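So that you can see what the record holds, here are the features copied from Swiss-Prot:
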- 37: active site, proton donor (ACT_SITE)
- 30-37, 147-150, 176, 184-187: ATP binding site (BINDING)
- 61: beta-alanine binding site (BINDING)
- 61, 153: (R)-pantoate binding site (BINDING)
C-alpha cells in the first residue's frame with residue numbers, strides 16, 4: 001500500500017491507472033475507520049482492480065458549533081485497517097493541501113437537503129458535495145462506495161453525480177451494525193456506558209415501526225410518532241427528528257408506500273447519532 005499526501009501525485013497515479021484501463025474503486029472517509037468502513041473497502045476490493053481510500057476530515061461540512069476539533073483521528077489505526085482490507089493507495093492530504101486558498105466556488109445542493117440532517121445542519125451538504133467534487137476529480141474513480149447509514153448523503157451524492165454528468169457509479173452499501181444492533185459510527189466513542197445501552201433503542205424503535213408497517217399501517221404520522229414516543233420513553237436523549245420520506249427524492253408522503261426511508265437523529269450529552277431503515281412498501 002502506498003500513502004499519498006499531495007493532490008498532484010494522486011492525480012498523476014490515478015490518471016495513469018485509468019489510461020492503462022484499470023478500474024478504480026474509491027472509498028472517501030473522514031478516518032477513524034471501523035467495520036462499516038472495512039465493509040466498503042472489501043466491496044471495492046471485490047469489484048475493482050485498484051482500491052483508493054481517502055482519509056480527510058473536511059472542515060467545509062462542519063458547522064461553527066460542531067465537533068471538527070474533537071472528531072476522532074488515528075491515522076495509524078486507519079493505515080492498519082486499510083492494509084488489512086486490500087487498499088492500494090491511501091490518500092491522506094492536509095487541509096492546506098486540499099484548500100490551499102480561499103474557495104471561490106462551492107457546490108450548492110438545492111434539492112434533498114431541506115429535511116433531516118440538512119435542516120439541522122445548514123451548509124453541511126454543500127461542504128460534502130464540494131469536497132467530493134474535488135476528490136472525484138483527484139481520484140477519477142470508476143465506482144465510489146458509501147454507507148447507507150448516511151442515507152441522505154447517498155441521495156444527495158447520487159443527485160449531484162447525475163446533474164453534473166460525473167462518470168462514476170455510486171455504490172450504496174447497507175448499514176453495518178454491532179451485534180446488538182447499534183449502527184457502527186466513529187462517533188460512538190463519545191457515548192457514556194449508560195448512553196451506549198440507551199442507544200440500542202434507536203434501532204429497536206425503527207424495527208418496531210417496520211413491524212407496524214408490515215402489519216398494514218400506512219399513516220406516516222402514526223409511524224413517526226411511534227418512533228419518537230419509543231425513544232423518548234426509553235432514553236434520556238433528545239429526538240432531533242424522526243421522519244418518513246420517499247427515497248431517494250426525500251419528499252413528503254401522504255401514505256406509506258413505494259420506496260421510503262424512516263430516519264432518526266437523537267442527541268445525547270456529547271454526541272448526536274443517526275440511524276435509518278429503507279423499505280419498499282406495496
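Glycine residues also receive a Cβ, built from the backbone N, Cα and C atoms like all the rest.
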Among 37, 148, the most crowded of the recorded positions [Cβ within 10 Å]: 37
Cα distance (Å, whole number) from residue 153 ((R)-pantoate binding site) to residue 33 (ATP binding site): 18
Integer Cα-Cα distance in angstrom, residue 37 (active site, proton donor) to residue 186 (ATP binding site): 10
Residue 30 (ATP binding site) to residue 61 (beta-alanine binding site) - Cα separation in whole Å: 11
Residue 61 (beta-alanine binding site) and residue 153 ((R)-pantoate binding site), distance between Cα atoms, whole Å: 12
Among 61, 153, 186, the one of these binding-site residues whose Cβ has the fewest neighbouring Cβ atoms within 10 Å: 186
The residue listed as 'beta-alanine binding site' and residue 36 (ATP binding site), distance between Cα atoms, whole Å: 20
Site of maximum Cβ density within 10 Å, from binding-site residues 30, 33, 176: 33
Nearest-integer angstrom distance between the alpha carbons (Cα) of residue 186 (ATP binding site) and residue 61 (beta-alanine binding site): 16
C-alpha spacing of residue 61 (beta-alanine binding site) relative to residue 148 (ATP binding site), in angstrom: 18
Cβ atoms near residue 36 (ATP binding site) (within 10 Å, other residues, all chains): 20
